[in-house]
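Record features, source TrEMBL:
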- A:6-27: transmembrane segment (TRANSMEM)
- A:34-51: transmembrane segment (TRANSMEM)
- A:63-86: transmembrane segment (TRANSMEM)
- A:98-117: transmembrane segment (TRANSMEM)
- A:145-162: transmembrane segment (TRANSMEM)
- A:190-212: transmembrane segment (TRANSMEM)
- A:256-279: transmembrane segment (TRANSMEM)
- A:312-333: transmembrane segment (TRANSMEM)
- A:340-361: transmembrane segment (TRANSMEM)
- A:413-434: transmembrane segment (TRANSMEM)
- A:458-485: transmembrane segment (TRANSMEM)
- A:582-606: transmembrane segment (TRANSMEM)
């Protein structure tokens, strides 16, 4: 019995840090609508700076002062980030801020290694809380007791801050209607900056307080950010009490999951999150969001099929790409194949995001399922390659059909989080079901047959499939189905009012996107000759998101360009520098600031300007932008 | 002149909404902006306070050109805005809603305290702690006006204050607006309801398809039934 109580208390102690970080994320999202991916990075910097300060300055004052100063210093960094980066992109397309903060995270990961080195750093114990308390023969670290008490205290302080101060009232008002707050004379800029500072302070404090419990290392950002997303979604975005309850829930699930369900301990929290989202999509303490009031005039540039000239240009580009084997070596061809495969992957997500308005955070699940599908068919059933390539993606299709059915019941951030949860579940199955999937060792030696084995042949295969997939999806965009899907994206209510079954249309789109991703995964399995759980992992899902956003969500061909640029740059950077993450992150941040509409969006804007400037003085109505000369 | 709008043009994306809008409001005047649904009344107001991103033209408020200022600075100059859809903060209580609107005292404008506003809108005084979401439409409309008055504006843009309200509440609204006028607040009120406008306004402009097509006193408008019928009646 005593053992369980201790386990429970350990869970509560872990919850404290988690709550601090999650409440910060929740507050920032509530007001700025930014899903701050860099929140984990701020948590990590908080831990590193606190480590340095507490090592340098001794005594109780040195420790507690160091923790506090570290959190304040990181809050200051947060202010800088908000003013330099985020302020420029508040009006960018949804999720673009996610890309910017993701770029920051990449940069921070390399920077902390540069500054503090790659090794784990073990910090010193907290003065006054070095010992342990005896509880019926079980030891409870007294620092844990301190953390257990800290959680509710912080909750209370935050509650007072939001309920009892003018700042809190303004923040709560801005959470609901930002424009109206500005129309009452409140300077949103500083309100946003201060909210961001408070949120980052909480994240950094959470990190700094971890040092007596855990070693500081350069991967702690990703580990916490996923957990924090889960907490915030279960608790309800924007709800601080929700963040508290969910942090306790998640920590206890982690503490007891290992004891009770060791086999599925990793996915337990994701299962709970999926159930919560399906039953109460807005989280335990959140409020259902009113259908978003869309700012008119966001899609200035209506889509159209390519003109015949543009078709010729696209064809020419494809032909040029097809001549690569004539002059390039094997390495370049393998890279080319990989890029082609990622074009398929990115195009499929782009279809879901830009046409369907559904931003999946777990799209790699279907890519990876396609890869595993091929692996099962080739290794276990021993089927020929063509058959495997045709049937393998069906596993992605089935996964998308099952998960998509639940996911499309939600929208926006909640949709994104549920897809993330599903992807994590699939990943954990691949990771833990060793007898079938080989677990972490993956499934090896899945090589293409002779006809596709040479790098040039495989390259042509990948390129051909990528071209076909892109064309097929483009046709879908301009088909009646595509128009219906775009209608549900623009307004679910209105599209249902004209007789469109919105959920079914979205579900279909989800399955199409998942199957297409599966095709990419199937080819990927043959390219690499192996399948690993990482092929379904979060980082691959994030890669896909970055590619789409980089190319431009509000465009039709953003996925293709984004995949080529991102993947090529990524592969090249890794071969050129040890600081590839720093450079890549910097590049992403730069793109976000300079071209907030993505690469293709920027090109379209330039083309428009040229077209618009030619007939001077014509009014906009007389000459619609989409008209072609 | 309290407020002078010149050559105001606004766009939503590629759509041109307002065409060379121009009008004036004198010190202490109540001016009606009349027009049918979709004529451009709300867009005019939103453009004046800077909530429409794509707009050109000159907006002079108390002799200062505010057309380049961000929304909150325009409002802080003393130009209050009461939006059409009420847009109260439903999670916040009545008192908290008022707190969001609070701005420092201004030398050239009447000073409103909570107590004074609760005398103007007695209903609000009886539900200080109630969340905005649990109020009737009329009470919400009063709250939006009171909230804007907490900023001590010298001029208020009132967007369709009578819309969707019961006749009894409309009467209270007329009283409230006349009290505001008596205190010295200049008011621009947009309306479809000519009867309501006549009760409170000194002058009127008519807007149709984004253009001003009439400007004059209420008496001048009454003398031109042709204009009234062409642009206002349903």
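Yeah, the Cβs are placed from backbone N, Cα and C, and that goes for glycine too.
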Note to self: Do any residues, 6 or more residues outside the transmembrane segment (A:145-162), come within under 8 Å Cβ-to-Cβ of it, and if so which ones?
What the structure shows: 9, 12-13, 15-17, 19-20, 23, 126, 129, 133, 168, 171-172, 202, 209, 213, 240-241, 244, 247-248
Notebook entry, point to check: So what's near the transmembrane segment (A:63-86) in sequence-distant terms, Cβ-Cβ under 8 Å and 6+ beyond its ends?
Noted result: 32, 34, 38, 42, 45-47, 49-50, 53-54, 56-57, 97, 100-101, 104, 124, 126-127, 192-193, 196-201, 203-205, 207-209, 211, 589, 592-593
Checklist line | Among the ranges A:6-27, A:98-117, A:256-279, A:312-333, A:340-361, the one whose Cβ pairs under 8 Å to the transmembrane segment (A:582-606) are most numerous | finding: A:98-117
Notebook entry, point to check: Is the number of Cβ-Cβ pairs under 8 Å between the transmembrane segment (A:413-434) and the transmembrane segment (A:256-279) three or more, considering only pairs separated by 6 or more positions?
Noted result: yes
Next item on the list: State the residues, same chain only, that lie 6 or more residues beyond the ends of the transmembrane segment (A:256-279) and have a CB under 8 A from a CB inside it; answer 'none' if no residue qualifies.
Entry: 7-8, 11, 227, 230, 233-234, 249-250, 406, 409-410, 414, 417-418, 421-422, 424-425, 428-429, 431-432
